[in-house]
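Chemist: Pasting in a structure now, in structure tokens, and then I'll have a few things to ask.
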Amino acid sequence: MVLGWLPLLVMVLAPGTTGVKDCVFCELTDSTSCPGTSMRCGDDEDCFTGHGVAPGVGPIINKGCVHATSCGHEEPINYMGVTYSLTTNCCTGHMCNGAPDPTRGRLAGAAASLALGVLLLLQHVL
């Protein structure tokens, strides 16, 4: 009986498996922070963070969705009159290009511990 709960538990604890992917979006900026907003990506798109560099000036970044075929590419881009070399670094997963959330790992661990405790309790009751 306990094994019947396992698939349900996996579905509840596995976020981002619905096929819908949101990514963080922010315009090109020379700021070190890019909190951005959420945007919905297409089926053939991945989240990305673009890092741009140019001699004698600070770096630029942008974030959003991009076709998977554009991942890892480097291209020239003009920002504030300066030509930067912008590299697109992609990731897969819901909001994976956002800033790391230090509480996310602790919350997932607490949820997994609680679920395991419930399963063990059910095993002894049944």
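Note: Cβ is positioned from N, Cα and C throughout, glycine not excepted.
According to Swiss-Prot:
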SIGNAL    1-19  signal peptide
DISULFID  CYS23-CYS47  disulfide bond
DOMAIN    23-97  domain 'UPAR/Ly6'
DISULFID  CYS26-CYS34  disulfide bond
DISULFID  CYS41-CYS65  disulfide bond
DISULFID  CYS71-CYS90  disulfide bond
DISULFID  CYS91-CYS96  disulfide bond
LIPID     ASN97  GPI-anchor amidated asparagine
Chemist: When neighbour density is defined as the number of other C-beta atoms within 10 angstroms of a residue's C-beta, which of the disulfide-bonded residues CYS34, CYS41, CYS65, CYS71, CYS91 has the lowest density?
Modeler: CYS91
Chemist: Taking the Cβ of CYS23 (disulfide bond) as the reference point, list residues of the same chain whose Cβ is under 8 angstroms away and which are at least six residues distant in sequence.
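Modeler: Expected: SER38, MET39, CYS41, ASP46, CYS47, PHE48, LYS63, GLY64, CYS65, MET95, CYS96, ASN97, GLY98.
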Chemist: Do any residues at least six apart in sequence from CYS90 (disulfide bond), in the same chain, have a Cβ closer than 8 Å to its Cβ, and if so which, in order?
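Modeler: Correct list: ASP46, CYS47, PHE48, VAL66, ALA68, SER70, CYS71, GLY72.
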Chemist: If you draw a 10 Å sphere around the Cβ of ASN97 (GPI-anchor amidated asparagine), how many other Cβ atoms fall inside it, taking every protein chain shown into account?
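Modeler: Step by step: centre on the Cβ of ASN97 (GPI-anchor amidated asparagine), count other Cβ atoms within 10 Å, giving 22.
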Chemist: To what whole number does the mean pLDDT across the domain 'UPAR/Ly6' (23-97) round?
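Modeler: Summarising the domain 'UPAR/Ly6' (23-97) by its mean pLDDT gives 94.
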Chemist: Given the disulfide-bonded residues CYS26, CYS47, CYS96, and counting only Cβ atoms in the protein chains shown, which has the most within 10 Å of its Cβ?
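Modeler: Sorting the candidates by Cβ neighbours within 10 Å, the top entry is CYS47.
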Chemist: Between CYS91 (disulfide bond) and CYS34 (disulfide bond), what is the CA-CA distance rounded to a whole number of Å?
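Modeler: Here the two Cα atoms are 17 Å apart.
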